Amino acid sequence: MEVDEVMCLPRLPRVAVCGGTHGNELSGVYLVREMLKVEKKVVEEEEEPVLVMIVLSNPRATQQCHRYVDTDLNRCFTHATLNGPMSDTDPYEIVRSRELNTLLGPKGSRQAVDLVCDLHNTTANMGMCLITYSDCDWICLHIFRHLQKEIPDIPMRFIHFDVSNKESYSLDSVGKHGFAMEIGPQPHGVVRSNIYTAMKGGVQHMLDWVRLFNSGTMFKGGFVDVFTMVKHIDYPRDSVTHNITAAIHPHLQDRDFCLLHPEDPLFQTFSGETLRYKGKEPLYPFFINECAYYEKGIALSLARKRRVMGFLVFKG
Amino acid sequence: MESVSFPPLSSIAICGGTHGNEMTGVYLVREMQKHKVDKIGSVSISTVLSNPRAVDVCRRYTETDLNRCFTDALLSSAITDSTPYEVRRAQELNAQLGPKGSEKAVDMLIDLHNTTANMGLCLIFYNADYLPLQIFKYIQNKMLSVPVRAMQLDIPLSDAYSLDSLGKHSFSIEVGPQPNGVLRADIFNIVKEAVDHTIAWLQEFNSGSTFKAGEVEAFTVVKSVDYPRDPVTGEISAAIHPQLQDNDFKLLKPGDPIFLSFTGETVKHEGEELYPLFVNECAYYEKKIAFHLAQKRTFKLPSIHMKKD
């Protein structure tokens, strides 16, 4: 299909690669540690060098190999939290989010880094996903298309959370552009070689794209299938203890991004009964059985898929 | 071999949450407690949530690994203000289900665990107790859709450190792969079925059935291998190689890859042919174990039956 629209965008001189935002998501932790060992701030051969900042986001949680110490760091980047009053008793992660905002932001300002790539792992069978707040950020969309082309053997999806900039809460929202690179399945506290390698490749190709873009390469338009989050579904719970009373059904487990139809099995109770999806609309499930989401009341998330036509982009 | 007789097995304990983030046991025990399961036929059943504090925070342990606190030395150690919670809890469990090595101990203790390693259904026991071995043979013949194996720890009872050592005839049921903190329905179903088969076996045993002689294969751990580590920071510098990952119980030969460093170098296995187990178990990073290596041994089983008065 011919795409006539053309978009000219500013170059991206500063990119941040962040790992260990959740201290037990180990591919990002080890990748960032390796990159810090061989840190090259400026590559001299380039005409337009990229400054790559490599950040271990939550050092205390990483040291303990826990998701967080006091509170989930990746929910601490709303404007309200970043700019709210400070106190001596602030949770560690709120203090840290403000430090990161000073380092990579301030969020919403001209000084913010151009692109934040925040590395995550999930226990869900999601392959590689780029997660953003926008379905029309052409930088992120083109990076996604580039990764799809360069890493064809890994299932790759683009996830969009329709949250306004004012309400955006995660680390990647600090940069002018940003996304989370989420790869699974990997148990928390474990590093799987194939997942680490996929993440390493993803980051490398992302940086390659930025360098190509900065040096004037034009990227043709095309399309991306975008999964826009619609709602979450919690586990059935005991009304008194709040403990879950069922697990993700075996027919749904590991079937992230396989269309879920009304009446499809959703949960299996501990006595073997099947509970079915009662929604009216077929939707795409993802983050199925993510460990960290039990406490957030999320058994799975559901998305609509739509095709977004891309602009041809080049650096202006 | 002559048939061997044992007294009736009338009291058993089913324990879960010995590690608070191994979710199958937590939920299976909770479910049995909700339905007030305390007797099935001839077998009276205690269900125990072993480490409630760790379960509450969904962590393996709060201060120290409970499942290493059952050596004779720790069970008889003096309790002071600075005694870790899990050491105290081990002594409580010993009073409730033991005392270890005594006539008053439960006849059988089954401790439920999960692993992030691809171990399928694995029964773990000390020494060559014929009862758990016969149960293993029984379960192996009944459960055909999942790999069922046995792992043996060659340790004298006084040094036996895990919860199951409290019972007269005991074993752990270890099922994986399941991430810590996650409950998978397929794994839950496997563990529930294994527990149901064990209870069925006990009924048959107590009703006078004879279980035939035979042979079983089990894996005896001979050593453990740590990750390559940075000599300065102590951090791991490699991950389990993709060709070893998920290949628990598959014979490892000299020259086979075992690690792939973060910079892309392959480390190969040197030494004898052995079977890897607990490959990439989350909780073992801090114990400096990337995987165990085991020999496969054949155990001859006599036929067994209940001793009649």
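Placement of Cβ uses the backbone N, Cα and C atoms for every residue, glycine included.
The average pLDDT computed for the domain 'Succinylglutamate desuccinylase/Aspartoacylase catalytic' (B:10-199) is 96. The domain 'Succinylglutamate desuccinylase/Aspartoacylase catalytic' annotation in TrEMBL covers B:10-199.
Per TrEMBL, Zn(2+) binding site is recorded for B:His19, B:Glu22, B:His113. According to DSSP, B:His19 (Zn(2+) binding site) sits in a coil region rather than a helix or strand.
Taken residue by residue with DSSP, B:Glu174 (active site, proton donor/acceptor) is part of a strand. If you take the C-beta of B:Glu174 (active site, proton donor/acceptor) and look for same-chain residues 6 or more apart in sequence within under 8 angstroms, you find B:His113, B:Asn114, B:Thr115, B:Met119, B:Leu121, B:Cys122, B:Leu123, B:Ile124, B:Met151. Annotation source TrEMBL lists active site, proton donor/acceptor at B:Glu174.
The domain 'AstE/AspA barrel-sandwich hybrid' annotation in TrEMBL covers B:215-296.
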* Structure fact -> Going by C-beta under 8 A and a gap of 6 or more residues, the same-chain neighbours of B:Glu22 (Zn(2+) binding site) are B:Gly16, B:Arg60, B:Leu112, B:His113, B:Asn114, B:Gln178, B:Asn180
* Structure fact -> B:His19 (Zn(2+) binding site), Cβ-centred 10 Å count of other Cβ atoms over all protein chains shown, is 26
* **Cβ neighbours of B:His113 (Zn(2+) binding site) where a neighbour is any other Cβ within 10 Å** => 26
* So which other residues, same chain and not among B:His19, B:Glu22, B:His113, have a Cβ within 8 Å of the centroid of the Cβ atoms at the Zn(2+) site? -> B:Gly17, B:Thr18, B:Asn21, B:Gly25, B:Arg60, B:Asn67, B:Leu112, B:Asn114, B:Thr115, B:Glu174
